[in-house]
């Protein structure tokens, strides 16, 4: 008895009975008997029986099939077919523990950006209330970056030593406290208020190194771009949440209402993160054996050595800075941060001053591009992982992704500069910010590939350069508007910097591991 869906064994049909005839049958030649006793006769040979030529039946051969990819336990390829196996594989991915890690990282980065972007909206009523000039408003905007400048290198080293889970928890708790205390500090003095913004920057400096560390430990090589895409989608949606909800909350609760609400959500995130997420897959109590084996087999990296002598030694900063791939990362991060913070900090003011729209409309025009960045960032991750799985060289993949992430915004900003209406300007801004997300599958993933054992500190070094560029761009845009009376010349300068950075990246970047320890 066979089970449903089970294939019956292949058997040779019984021989046909001899044909009775009054005529004399001619026996087949001896060669035919030889074939019958041994190997089967060739298909072209015919037998003559009763003055008729009969061809032997064709031999059945099972068609050759490509080997199937391994499927999760409990999935039968015979019963459900490839479609069912693919559906179960997708379901396994969506419900896996590693995707939960990526989702929690996305929520943390959403809070990270929502807390910093509140000032981009609040700066307009605060400037009106206190009589700040555009130059001083730029200084207030950049106060977050003063703190952000201090922490990435130290934070990256802490991440390499203690792991991303612990450092991320402390970081979210600290920046949520700084956000929550902002209204109280503002009521005391402008300097105390600026201090809370600096503290916010210090705490948020560990967010991206922690995210990179968790992705490095929780995802195989072929899924890291997608994981970064999920996490960075939350990062960009934080911009959208901050820009859209802040004017609404301010209209009902006052200027500092969003600071209190976003700070409370940060404390809630920490309460969920600590018990639900582990630092590595092996430490997770609920991970399946299948998923743990899949992650382990898909990782080609130096295993974390928390507490070992190798981790405790001082990172080789001189050797890191002696390699051109490091400078390619530093240049890419600097340009990415320049464009990112200029757009994030000044676009609401840009739409209000250039096109004379009100604050809520300016927030809408400025928020829509970040939704596109979240979507295209995940799409870029899928495309990048697919290229690598299909055999495309990792170096070429990273150069393609980063070139799109620089050349696209450079061209789009020129279009924004020539726009005659806020709708057209918002469309060009959406293109610029959306294509910018391809850099997440370029330089941001490349940190893990060229130096997995120093990914945190290398991220911190490049982030520090990016923060310098962001301060220069944010403050420089304010002074440029003061002197020139317009943003247009500054947008042309930013486009030229995008083009130059793309060229530098394509020349010096690599997707191969770089020997920073001098071991080979």
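Cβ atoms are placed via backbone N, Cα and C, with glycine included.
Caution: TrEMBL annotation is automatic and unverified by curators.
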In TrEMBL, which of 255-274, 275-294, 295-314 is tagged transmembrane segment?
255-274
So what pLDDT does the domain 'Major facilitator superfamily (MFS) profile' (101-512) average out to?
83
Which residues of the chain, 6 or more past the ends of the transmembrane segment (487-508), have a CB below 8 A from one of its CBs?
324-325, 327-328, 331-332, 334-335, 338-339, 342, 346, 350, 353-354, 399, 402-403, 406-407, 409-411, 413-414, 416-417, 442-443, 473, 476-477, 480-481
Any residues 6+ beyond the ends of the transmembrane segment (255-274) with a Cβ under 8 Å from its own?
104, 107-108, 111, 114-115, 118, 121-122, 125-126, 129, 165, 168-169, 172-173, 175-183, 186, 242, 245-246, 249
Hey, would you say the transmembrane segment (457-481) packs against the transmembrane segment (400-419), going by three or more CB pairs under 8 A that are 6+ residues apart?
no
Interface present between the transmembrane segment (144-162) and the transmembrane segment (228-249) (three or more C-beta pairs under 8 A):
no
Quick test of the contact rule: Cβ under 8 Å, at least six residues beyond the ends. What residues does that give for the transmembrane segment (144-162)?
116, 119, 171, 197-206, 208-210, 212-213, 306, 311-312, 315, 341, 453-461, 463-464, 467-468, 470-471, 474
State, in range form, which of 167-184, 327-347, 367-388, 400-419 has the highest count of Cβ pairs under 8 Å to the transmembrane segment (425-445).
400-419
